[in-house]
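Q: The structure's right below; bear with me while I get my questions together.
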Amino acid sequence: MQEEGHESERWVGYVDWRNRPALRSKHGGMVAASFVLVVEIMENMAFLANASNLVTYLAEFMHLSPSVSATTVTNFMGTAFLLALLGGFLSDAVFTTYHIYLISALLEFLGLVILTVQAKSPTLKPPACRIPAASHAPCQEVSGGKAAILFAGLYLTALGVGGVKGSLPAHGAEQFDENTARGRKARSTFFNYFVFCLSCGGLVAVTLVVWVEDNKGWQWGFGISTLTILLSVPVFLAGSATYKNKIPTRSPVTTIAKVLVAAILNRRCRHNPINAVIDMAPSPVKTIEVDAKEEVRDDEGPNAELKCLNRAVEGKPMHGALLCTAKEVEDVKQAATMDTRVGGLTVPPASLPVFPVVFIMLLAPLYDHAIVPFARRVTGSETGISHLQRIGFGLALSIVAMAVAASVEAKRKRVARAASLLDSAEPLPISFFWLALQYLFLGSADLFTLAGTLEFFFSEAPAGMRSLATSLSWASLAMGYYLSSLLVAVVNDVTGRGNRQAWMAGRSLNHYHLERFYWLMSALSSFNFLHFLFWANRYRYRSTGSKL
């Protein structure tokens, strides 16, 4: 394992690539990153194996109501992704991505052990429900110490998942040399295959493991997940000799806060000509690396963007702790201009998650080995398709996906009406493969947006904030989970006024107005896309090889 320090080459450790340039040129970090990709398959399988079917477990074995079960799962998923910010922060400021993954995998393992033991032991669950269905009497809902065990297991798992999501993508991306075109291209390939491997784990989770849970028992499903996350640790450790790790710097949040406070306080001291930039001595000149092509020198002032923050280096600071460098100001500006909202309002139905997963697995290699090389030849740029163009294309596909979903739902209801089955529980004479079309667009949108945002945040963020910035991709998903429940509630409240039937209510799904809801989602996605375009057209890349 190597660590990135402050030497000119910035890498020291068990394997010194500087003495083995041929090996580094040949593999470009992909050997080390391959361990990360295998681990991602295992970790995402362990996570999604339970998350995709958890509503059933909570309703049938913990006797929570359908609405409470769905809300619990939504909060669990949202919290797991939101905690990626914590994992990213700790990876940048305290530990390395290497150590955060190991700690997080252990936490996830412990959480799954708790859930497995509870699923196995009848005494840790509410008594089985033997009340006849005709009585409509509620079963005994999980409560007290049993509920505490359940939620301790869930949220310890969520804490571990968040740490993994916040550290693993950045750890893999750190293995590539961003100072060469070959290394940057290999890093782009890594992000594509990271999403591919994420989908591979999801495919196993929603097919094999879900079948085991439904047919052999939930203790076996939880047990498989527990064993998988445990085995991911030695797989990850097996690559230790090839890894290189960035030495954590000061907290990026501290840097941001210091610059903002200094900028505000220095508004009152602008008459003082003394410059507060550190290390202003003309010799020797101190340079700080920003990216492969640019350097911000501490004897140069900050640029003209977001001029209000330039006050952080103007005038004598009120306290020595508020001394700011031009580099710190530029880092904060970079973080402030990032658009982190990426398709957060659309969540695919949990009953058929295999479709988008399969489409992502098919499209990821096609994109990396066919579309990108073709785009490079056409545009002459290193990336072929810029990060923001890729994200924008994914957002456009999400608009199409919601429009297709609305059209398919309208067709489904027409079939139900024509067959006089609006009030029947019988299956409708329409193949569920009609849903595959919308999932084709959703899977494509996920591939473009998730891989695009992961690479965009890592490439464009300051070196000391990369793990935290990459975690914003997962945080946007968390916001989507939280907002999905809120959006449904708001839509029902608005559309149900005046004694009208709410769009998402009725005797059965056939009486819902899902097609209207999908059209609304398409409209909101369109607004999201336009909002993205507004800021993307004004964004100036700081990394090499990416142009809008």
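The backbone N, Cα and C atoms fix where each Cβ goes, glycine too.
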Q: Out of 218-241, 242-265, let me know the one TrEMBL marks transmembrane segment.
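A: In TrEMBL, the transmembrane segment feature sits at 218-241.
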Q: Transmembrane segment per TrEMBL: which of the ranges 61-86, 139-164 is that?
A: 61-86
Q: Please report, as numbers and ranges, the same-chain residues at least 6 past the borders of the transmembrane segment (387-408) whose CB is under 8 Å from any CB of it.
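A: Counting only partners 6 or more residues beyond its ends, the transmembrane segment (387-408) has Cβ contacts under 8 Å with 342-343, 346, 434-435, 437-439, 441-442, 444-453, 455-456, 459-460, 514-516, 518-519, 521-522, 525-526, 528-529, 532-533, 536, 539, 546, 548.
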Q: Out of 29-49, 190-212, 428-454, 474-496, which stretch touches the transmembrane segment (61-86) the most, going by CB pairs under 8 Å?
A: 474-496
Q: Tally Cβ pairs under 8 Å between the transmembrane segment (29-49) and each listed stretch (98-117, 190-212, 218-241, 428-454, 474-496), then give the stretch with the top tally.
A: 190-212
Q: Taking a Cβ cut-off under 8 Å, which residues six or more beyond the ends of the transmembrane segment (428-454) line up next to it in the same chain?
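A: Tertiary neighbours of the transmembrane segment (428-454) are 169, 191-192, 194-195, 340, 342-343, 346, 348, 352, 355-360, 363-364, 367, 387-388, 390-391, 393-395, 397-398, 400-402, 404-405, 408, 411-412, 415-416, 419, 421, 470, 472-473, 476.
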